[in-house]
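*Asks:* One structure, as structure tokens, below. Some questions next.
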Amino acid sequence: MRPVSVWQWSPWADLLCLLCLLCLLCSSCLGSPSPSTDPEKRVGSQGLRFRLAGFPRKPYEGRVEIQRAGEWGTICDDDFTLQAAHVLCRELGFTEATGWTHSAKYGPGTGRIWLDNLSCSGTEQSVTECASRGWGNSDCTHDEDAGVICKDQRLPGFSDSNVIEVEHHLQVEEVRIRPAVGWGRRPLPVTEGLVEVRLPDGWSQVCDKGWSAHNSHVVCGMLGFPSEKRVNAAFYRLLAQRQQHSFGLHGVACVGTEAHLSLCSLEFYRANDTARCPGGGPAVVSCVPGPLYAASSGQKKQQQSKPQGEARVRLKGGAHPGEGRVEVLKASTWGTVCDRKWDLHAASVVCRELGFGSAREALSGARMGQGMGAIHLSEVRCSGQELSLWKCPHKNITAEDCSHSQDAGVRCNLPYTGAETRIRLSGGRSQHEGRVEVQIGGPGTLRWGLICGDDWGTLEAMVACRQLGLGYANHGLQETWYWDSGNITEVVMSGVRCTGTELTLDQCAHHGTHITCKRTGTRFTAGVICSETASDLLLHSALVQETAYIEDRPLHMLYCAAEENCLASSARSANWPYGHRRLLRFSSQIHNLGRADFRPKAGRHSWVWHECHGHYHSMDIFTHYDILTPNGTKVAEGHKASFCLEDTECQEDVSKRYECANFGEQGITVGCWDLYRHDIDCQWIDITDVKPGNYILQVVINPNFEVAESDFTNNAMKCNCKYDGHRIWVHNCHIGDAFSEEANRRFERYPGQTSNQII
């Protein structure tokens, strides 16, 4: 956006102005348009005008519309990027873009679609400098209109933009349910009560004349509930006669598939309307919470039996409930969904199917990290009324159609539980870190206290960061002496042990009112460092299957391996240096598919030098290797220290960042992988003492949860294997959560082989 030209004073300026005013042609005389108060603001560079449209939205976000040759139109989201958003935000008078949206998030526009396949580098002064298919040349529909989210900061010196806002309609900014009785004393989340909308002048009720179940469905979805039920209308009618109401909205008519009440047809009362909602009362809804929130709302969990053989949906990689990468089950195997045509309707179907409300965002471009394995669906087109994503029309995908960089994700609306008000951080350098303080007690006896640091780790920190709404856990700290706790010194919770999936710390196992802490004092209380992003490690299971073999290695070549405890315990009593050990060797290729680099927990100053192998260990145990019987009994084990975490190879658009040579920094960059070849020391399991039979080979990455990840459920890999005392067959290798529950049961019941033919 070019700055508006500025007057330079000269002695002749007053005279010129006087002459121009007399001629009523001042702006023409001066050669520059003067700022106009007309709604149609000045024409931008290249004769274009820009505006943000659609709703619900904030003043700095919306659907981008361009006026060209007197006609308004939109931009298609094909090939749209953040760089294009930067250029458009500057055209709109903002400093930069913080994001962009696709699939008509702010509602479909009308008229022409002016630009398609827009490609910008981000440095252009005008959108006309960007490449595209040409003005008006598009094969899109308005369901693919692009939007931008600009930083709420104007360009320096910006005084008169070429932004033309759509007419200033009243908007429903927020919706809530207010209990008709007992306001403030009801358990959260609130599931039934009067519908209230926040307008610019405050909260108002909605007239119930013409109110339908579709309207209730939309309201419940916005508030995080998957469905609604009928209310006792007679009770609320009687109650309404005894209360005063302030109506601000009427004539609401939703289809039922809208993600926000503002997208429904509705009418606002005017300020001079004296008779509001004659013969009617306030609209009331009763919402049904999903299974995750049913217990806390005081309602019994309703076990909804799914039809036999019905495919399922899950979310992976999200920091909060109701967000993550969408994965669907097909032929007993989990796979992802391609983001082509992905929109709020499809995302809302997923959210409601999982027991949440409607979708807040439909995410594209693997915003929740990349999956691994199959991509099952593409071009999913839902109306919003379907009960399952599989009921929506979709395209079965082939490997050439889509990549995991296009995995679809969602963020769902969640019920308000107030959980974040019962926990806080103190003493940290930022709002994302500090000593954990929790609130305990009942009405009148509420007090804040600390948590004992004994056994506090990454899993507990994950739950704390989730409850705080601060994303993932970066570190769980057992000592916080460097963070001042102020006047809070009492330890009120100890023995906290979480699985990592809980919504709040009080759902984790703990000692209750009996506080037991081995190390007393505020310096040994729990702390966390939270992060908006996290790594996610996955093992390339097919490579393990392809490279597994047996080697009989002489003992005289295993002194260093024995020093690092890479052999079975029976090796200590062997006749060194004579004899050999039987080793199951294989390669492991570990990918980081998360949204943050994987770094060792310890810094370089504390890495341990191992003279025998001549390298540093940044993590004592990076992977566990186990041979298990079908019932889970461990018969052989091995482990691998992270003597060299580095980027062996990366995706073509990613640069290597970590290299072990010359005491370099260790880690695995997002989009890269670290390869431990089968022929290096300790890349094995010592099976010398294992008897012939059918077993399970299991590899677990980051087994002690030393480094935080967005998802620990995919850290294990399993294979079936048959050992006949001389040879080994390894097959059916897969990531631990890649199969359905039934397929996993079949895997564990595998009867073995009668020959070397895999069956």
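Positions of Cβ are set from backbone N, Cα and C atoms, glycine also.
Keep in mind it's a predicted model, so treat the numbers as computed, not measured.
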*Asks:* What residue among Cys338, Cys498, Cys508 is stated in TrEMBL to be the disulfide partner of Cys402?
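*Replies:* TrEMBL says the disulfide from Cys402 goes to Cys338.
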*Asks:* So, in TrEMBL, which cysteine from Cys89, Cys120, Cys130, Cys207 is disulfide-paired with Cys150?
*Replies:* Cys89
*Asks:* Taking each of the disulfide-bonded residues Cys120, Cys254, Cys264, Cys402 in turn and counting other Cβ atoms within 10 Å of its Cβ, which one has the fewest?
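*Replies:* So among Cys120, Cys254, Cys264, Cys402, the disulfide-bonded residues given, the one with the fewest Cβ atoms within 10 Å is Cys264.
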*Asks:* Which stretch, 50-151, 313-413, 423-531, tops the Cβ pairs under 8 Å count with the domain 'SRCR' (175-288)?
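*Replies:* Checked against 50-151, 313-413, 423-531; highest Cβ contact count belongs to 313-413.
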*Asks:* Do you know which of the disulfide-bonded residues Cys89, Cys498 has the most other C-beta atoms within 10 angstroms of its C-beta?
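*Replies:* Answer returned by the neighbour count: Cys89.
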*Asks:* Measuring Cα to Cα, how far is Cys412 (disulfide bond) from Cys130 (disulfide bond) in Å?
*Replies:* 34
*Asks:* Just name the most isolated of the disulfide-bonded residues Cys76, Cys508, going by other Cβ atoms within 10 Å of its Cβ.
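*Replies:* Comparing Cβ neighbours within 10 Å for the disulfide-bonded residues Cys76, Cys508, Cys508 has the fewest.
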*Asks:* Round to the nearest Å and give the CA-to-CA distance linking Cys351 (disulfide bond) with Cys76 (disulfide bond).
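*Replies:* Cys351 (disulfide bond) to Cys76 (disulfide bond), Cα-Cα distance: 26 Å.
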*Asks:* Roughly how many Å lie between the Cα atoms of Cys76 (disulfide bond) and Cys338 (disulfide bond), rounded to a whole value?
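*Replies:* Here the two Cα atoms lie 18 Å apart.
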*Asks:* Tally the residues of the domain 'SRCR' (50-151) by DSSP class, grouping H, G and I as helix, E and B as strand, and everything else as coil.
*Replies:* 16 helix, 35 strand, 51 coil
*Asks:* Within 10 Å of the Cβ of Cys338 (disulfide bond), how many other Cβ atoms are there?
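*Replies:* Step by step: centre on the Cβ of Cys338 (disulfide bond), count other Cβ atoms within 10 Å, giving 23.
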